[in-house]
Amino acid sequence: MSARTALINPARSHHWQPAACPGQAPRHWRPWLKDEGSLTQRLTRAANGEFAVRVLSQRWSRPTADEARALGMRSRQVALIREVELLGKDGTPWVYARSVLPATTLTGRERRLRLIGSRSLGSLMFSDPSLSRSPLFAAALTDDHGQRYWARRSVFRLHAKPLLVCEVFLPAMEHVQYPL
Ligand SMILES: C=C(O[C@@H]1C=C(C(=O)O)C=C[C@H]1O)C(=O)O
């Protein structure tokens, strides 16, 4: 639960910096933080084809003020908040991801994103020719036990409608080589 606590604690704003030059990020994390492709594809390669999404929660709620700001949302608007773990080799949780999909994004073709279950959000998004992505930002998050995680986030747009994806790399990824 610790990565989730660190990430979703509304009282704790994070210092997001451009992932292209993530300051004091240790060398191991840098390629993961700035990879502009699909994390699903990259993790699948790193795990020699093993990959799964475990849905932890998916519910309508209000995003944190920081998330609403990143999405240009008015603070009272609701969004579909999706929290998952991305499982790599032997079903080990490698990434915790929190995605914020505004109700105004889940219209038209994007309505289908409400019902993706344990399919990867990324695998659907990266197959959509209308997809665009803002620059990636990175931050070091610390949970209530002092455990530090490196995280990244970016705003995707499908048919010009935004959604925010934040991915927190979990300790098990310390030993996962970035696959070129
Ligand atoms: C954005 C991507 O989708 C991944 C899958 C997610 C999901 O299914 O909720 C969330 C974040 C991502 O790590 C990706 O693969 O790059």
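Here the Cβ of each residue, glycine as well, is placed from N, Cα and C on the backbone.
TrEMBL: automatically predicted annotations, no manual curation.
The region 'Disordered' annotation in TrEMBL covers 1-23.
Taken from TrEMBL, the feature substrate binding site covers R82, L121, E167. Close to E167 (substrate binding site) in the fold, though at least 6 residues off in sequence, lie L39, L86, V95, Y96, A97, A151, R152, R153, each with a CB less than 8 Å from its CB.
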Specify the count of other C-beta atoms within 10 Å of the C-beta of L121 (substrate binding site).
21
Within 8 Å of the Cβ centre of R82, L121, E167, which other residues of the chain have their Cβ, at the recorded substrate site?
E83, V84, A97, R98, S99, G122, V165, C166
With DSSP assignments reduced to helix, strand and coil, which class does L121 (substrate binding site) get?
helix
Tell me, how many other CB atoms lie within 10 A of the CB of R82 (substrate binding site), whichever protein chain they belong to?
22
